[in-house]
């Protein structure tokens with residue numbers, strides 16, 4: 001048994017249609033139909049419509065219908081015929097009313113006999129003329145049509161345009177936004193991050209959306225169709241600039257919800273060390289199957305040019321004006337230099353011309369700079385002009401004072417070697433407490449001493465009792481030797497009783513850090529957020545009244561300070577491996593807005609092979625780490641590795657970690673730090689650090705290449721504004737070179 005569906009949208013039918021209806025199985029006598037089957041479900045939907053597209057849709061359904069003009073009397077007669085026809089065959093009648101020119105869509109579902117024929121007649125009404133027709137085809141089996149349901153209307157997605165925060169040249173990207181497509185704000189953030197990474201360099205994931213007036217958007221319901229918004233990454237504040245609202249967006253994504261649209265959210269994206277710890281030497285644009293995602297050849301070409309041309313470098317800028325002119329420096333990298341216009345904007349923000357934007361740039365020899373690659377060639381000094389007139393005879397000549405200023409800048413970036421006078425500088429002394437011989441010389445002694453007695457002896461040597469250990473740690477792990485110590489904590493090697501895996505147990509004495517408890521809380525809070533192959537993992541944390549216990553990942557090779565004291569200096573290949581791993585860890589931290597503040601060899605753990613070569617480096621000890629929401633002013637760190645802005649107390653941020661990494665790279669290659677003072681006196685040391693002037697003395701640097709010297713010079717810039725970022729370290733040509741991670745022997 002089937003259901004016969006009749007949809008009546010009009011009140012005008014011809015004789016052929018009426019004959020078809022009378023000959024249909026529904027005319028069977030009621031006695032031949034089982035009583036339970038004599039059920040008629042009637043659904044009448046009457047709605048007024050004046051929308052042109054609805055009329056057009058109805059006309060498409062009835063393009064084969066005969067639609068002559070009919071009078072009111074003819075319609076009345078046809079209505080009576082239809083009533084008589086249905087009343088003779090249905091247990092419940094179908095109500096059919098007189099057309100008023102606005103009747104649209106009357107459904108009738110009638111139970112019939114077991115004959116398997118289905119009739120679906122679609123009739124439309126033209127609301128303007130009051131005339132329509134009943135669709136008819138030769139056989140009922142061939143007139144099945146899908147009836148759209150008005151109960152589940154398709155919601156139209158909002159068409160929203162998004163800009164990159166502070167980027168006045170980025171033309172924006174337009175995407176459809178709806179509650180069906182994005183169930184949460186975080187999902188929209190993920191898609192915006194992926195789309196922006198394909199077109200511009202961004203410092204991290206999209207975290208905030210603003211309107212063009214700077215108001216923060218907190219829900220999808222606040223977005224308006226056809227409006228523009230600004231995407232902010234990490235903790236960036238809204239930058240009120242003249243966004244490129246009149247330009248054509250880079251990518252206008254279709255509004256279709258079809259999953260077959262492979263171009264909607266292309267997953268072809270640069271591999272980034274921020275999230276997966278990959279080395280910078282890996283291919284930044286992996287091939288994507290199925291074509292270029294979201295992609296025009298113009299965008300792909302632009303990204304390719306940026307990758308091949310742009311590299312981190314510091315340029316010197318001479319501001320146009322009255323002589324002697326102001327001399328400034330600017331760090332160019334992939335974030336602020338994706339195009340020629342972006343570089344002009346960056347220069348404008350630094351030189352601050354009285355005439356406004358920088359319009360023209362010249363080299364020191366007076367050659368106009370017209371391409372992006374010109375900023376990354378052999379010239380590193382440029383004149384910046386606005387709309388003012390240029391006197392080529394005088395403007396490109398440097399006065400003595402201007403030349404001296406440029407020479408001072410170049411001196412701070414010196415990469416040539418000088419002869420070292422006097423004895424070779426030494427590494428600073430590693431602070432370490434002295435414990436009884438039981439701990440240092442005979443760490444385990446399990447054969448002669450019961451385990452509990454050995455644990456008690458180890459803890460007693462540090463002023464602790466065996467019962468002070470938390471039960472879940474005492475029952476799960478076997479205590480080993482002391483492997484590290486600091487001002488507030490001590491670190492034991494422990495072993496899991498069931499698996500035999502080694503871990504490190506850090507015990508922080510709260511009594512020794514009175515008033516600094518927030519550092520302990522910050523360390524645990526930060527480490528719980530981290531997951532990176534070159535950062536020590538936190539396995540378990542237990543907080544008690546007197547101590548904080550942290551079970552950490554164990555690295556077998558010890559810390560980098562001990563490795564340096566054993567081998568004195570490392571080869572460039574070994575140093576490259578370590579700086580890659582350290583740079584990847586810092587980039588990951590900085591992308592989350594976290595600064596370590598105590599990067600030094602004692603806090604870098606290394607894994608060695610059987611020949612003593614470094615295979616892996618991991619960053620540890622987050623006791624001073626914190627999240628950066630604004631400039632920090634607390635003076636902390638280790639004197640040898642402290643950055644100038646910390647000593648000057650002018651406020652500092654993420655780049656103090658880059659300075660410390662530059663000191664470490666210098667030490668790896670020659671065995672001593674760039675800034676030293678006699679007898680380890682702090683005042684002369686701090687003066688040297690603030691000056692930012694150091695040398696690459698021979699013979700210790702005679703066999704070391706210019707590439708790594710250039711990297712060190714950029715990492716040890718006293719001015720944090722022009723100092724390399726952690727990403728710039730990974731992008732440098734020396735760091736990218738020899739990607740194979742091949743191990744070579746130490747330099748003895």
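Just so you know, the numbers here start at 1 and follow the chain as drawn.
Even glycines carry a Cβ here, placed using N, Cα and C.
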Residue from 89, 121, 320, 471 to which Swiss-Prot assigns phosphoserine: 89
- request: Restricting attention to the domain 'Doublecortin 1' (158-244), give the mean pLDDT.
  value: 85
Query: With DSSP helix as H/G/I and strand as E/B, how many residues of the domain 'Doublecortin 1' (158-244) fall in helix, strand and coil?
result: 16 helix, 26 strand, 45 coil
